[in-house]
């Protein structure tokens, strides 16, 4: 499809123009529903996506960089101040990131319970305020109580996850009237800003640890949440969203995710991200055994983030049209051998190749990160186009929550594997076996690629039109009603507009 997905003005067919209330009534009677097409007046076309919204979403994208800035400080704090072992560290890191695994809860709340008539603004202010409060407290208290430290970290990750829900909803809303290329550009730019902040913060995280204390880094990290908090006051958003009952919302969510293409994406994302990893265990090996300095670790993380950034830009420019099955298959096949490369350092084979440990680890992590980013971007782009209007936070957060929940499962499996192999902060005898096991489990997602749609299966999604339509109109009575909306819109429905026009290119 060469024309924009939502622009079909040049078609010869007649459209019946009606209000959103009429559409809702029509849907309740007629099971052969058609997809809604919204034609926004030119003079208001820029209103939902004003520059302030773009600045806000960009700052939210960069907010996760604060986590990267403080990540080494957090790990060293738990490792040195509280003397946690690798398995215990993995469990603590899992616990404090639980808010990210249940982002769906925050999304449902923000979609259904607007604060003072706004679904985005005040939730963003609340989340950024919690980030500011927790980071300032972490920078001021004396760290001699593990419970208080974990609680403050938990509050920070809760605030950042809430901000992230709002930022992702803004990105999805900006994709509402875009072609597949524009959607790929919007999503790619959002994550490119995130990875760029990762690269900057990764370098600073190691460099600053050599100059200042961990508590000072927490205080410095509060600057970006302050910027996000300030930007929240300038968000352009329509008011008068009515409250929807949680029961009705859950019914709608359940009916939406029963659609095969959404359900299969959730299953595949979970399988792909739930395999065990040896990342935290390798951290203990390279710090305790290889004596890597914090500055070097920061540089490694910086190169890793730069690789992700370049990968995202490359995907945006060259790979948006590649079939998702082929992309995931080839990337998995390519990345699997690189997962075994740490064995070369552990067995000291690299000395025979005259490659130092530092260069070897940096090269390995950069290559893995570059290829791995190709596995996530097409899924994120496609998911952002499958989401019905009014469910921007809920469904996108559901899809990404499966990613975060799978990461927690991965951490628990990694902890269990670390414990069963008797790997400690000083005993790395069985580390090669753990690396091999983790590498083999990376192949598992290949066997589930068949559940994802390919180009030849696009037309098979057309039967989902009648099921999807009512969720496109579910919140529209109050969201785009001519009586309650701040913008002037014309709502139309088209009998020949197909589901693949908005989901797959």
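Cβ from N, Cα, C; glycine included.
According to Swiss-Prot, the feature transmembrane segment maps to 58-78 (among others).
Sequence annotations record features per position, and here Swiss-Prot assigns transmembrane segment to 89-109 (among others).
Annotation comment: Swiss-Prot describes 122-142 (among others) as transmembrane segment, evidence class sequence analysis. Within the chain, the transmembrane segment (122-142) has long-range Cβ neighbours (under 8 A, six or more residues past its boundaries) at 56, 60, 63, 66, 70, 106, 109-110, 115-116, 148-149, 152-153, 155-156, 158-163, 165-166, 215-219, 221-222, 225-226, 228-229, 231-233, 235.
Only residues 6 or more beyond the boundaries of the transmembrane segment (146-166), in the same chain, are considered here, and those with a CB under 8 A from a CB of the stretch are 60, 63-64, 66-67, 74, 77-78, 82, 92, 95-100, 103, 106-107, 110, 120, 123-124, 126-131, 133-135, 137-138, 225, 228, 393, 397. Annotated transmembrane segment per Swiss-Prot: 146-166 (among others), in sequence order, evidence recorded as sequence analysis.
Among the features that Swiss-Prot reports, N-linked glycosylation site is placed at 177 (among others).
As annotated by Swiss-Prot, N-linked glycosylation site applies to 181 (among others), with the evidence given as sequence analysis.
In the three-state DSSP classification, residue 186 (N-linked glycosylation site) falls within a helix. The N-linked glycosylation site annotation in Swiss-Prot covers 186 (among others) and is backed by sequence analysis.
According to Swiss-Prot, the feature transmembrane segment maps to 192-212 (among others), an assignment based on sequence analysis. Same-chain residues lying 6 or more positions outside the transmembrane segment (192-212) and placing a CB less than 8 Å from one of its CB atoms are 58, 61-66, 68-73, 76, 220, 293-306, 308-309, 312-313, 316, 373.
Same-chain residues lying 6 or more positions outside the transmembrane segment (216-236) and placing a CB less than 8 Å from one of its CB atoms are 47-48, 50, 52-53, 55-56, 59-60, 62-63, 65-66, 69-70, 73, 118, 120-122, 124-125, 128-129, 131-132, 135-136, 138-140, 159, 163, 205, 208-209. The feature transmembrane segment is assigned by Swiss-Prot to 216-236 (among others).
Feature annotation from Swiss-Prot assigns N-linked glycosylation site to 240 (among others); the stated evidence is sequence analysis.
Positions annotated as transmembrane segment by Swiss-Prot: 266-286 (among others). Away from its own ends, the transmembrane segment (266-286) comes close to residues 75, 79, 86, 89-90, 93, 257, 292, 297, 342, 346, 357, 361, 375, 379, 398-399, 402-403, 405-407, 409-411, 413-414, 417-418, 423, 425, 428, 431, 434-435, 437-438, 441-442, 444-445, 448-449, 451-452 of its chain (Cβ-Cβ under 8 Å, at least six residues beyond either end).
Among the features that Swiss-Prot reports, transmembrane segment is placed at 300-320 (among others), with the record citing sequence analysis. Same-chain neighbours of the transmembrane segment (300-320): 68, 71-72, 180-181, 184-185, 188-189, 191-192, 195-196, 198-203, 205-206, 292, 327, 361-362, 365-367, 369-371, 373-374, 377-378, 381, 505, counting only residues six or more beyond its ends whose CB sits under 8 Å from a CB of the stretch.
Panel annotation: around the transmembrane segment (326-346), residues 278, 282, 285, 290, 319, 353, 357, 360-361, 364, 367-368, 371-372, 374-375, 378, 428, 431-432, 435-436, 438-439, 442-443, 445-446, 449, 452 of the same chain, lying at least six beyond its termini, place a Cβ under 8 Å from a Cβ of the stretch. Per Swiss-Prot, the feature transmembrane segment maps to 326-346 (among others); the stated evidence is sequence analysis.
Look at Swiss-Prot and you will find 352-372 (among others) tagged as transmembrane segment.
The transmembrane segment annotation in Swiss-Prot covers 405-425 (among others).
Neighbour density for residue 427 (N-linked glycosylation site): within 10 A of its CB lie 10 other CB atoms from the protein chains shown. Look at Swiss-Prot and you will find 427 (among others) tagged as N-linked glycosylation site, backed by sequence analysis.
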* Structure fact -> Between the C-alpha atoms of residue 186 (N-linked glycosylation site) and residue 427 (N-linked glycosylation site), the distance in angstrom, to the nearest integer, is 46
* Taking a Cβ cut-off under 8 Å, which residues six or more beyond the ends of the transmembrane segment (431-451) line up next to it in the same chain? -> 264, 267-268, 271-272, 275-278, 281-282, 285, 325, 328-329, 332-333, 335-336, 339-340, 342-343, 346-347, 414, 417-418, 421, 423
* Which sequence positions outside the transmembrane segment (58-78), separated from its termini by at least 6 residues, show Cβ-Cβ distances below 8 Å to it? -> 84, 89, 92, 124, 128, 131, 135, 143, 149, 153, 157, 160, 163-164, 166-167, 170, 190-191, 193-194, 196-198, 200-202, 204-206, 208-209, 214, 217-218, 220-222, 224-225, 227-228, 231, 283, 294, 297-298, 301, 305
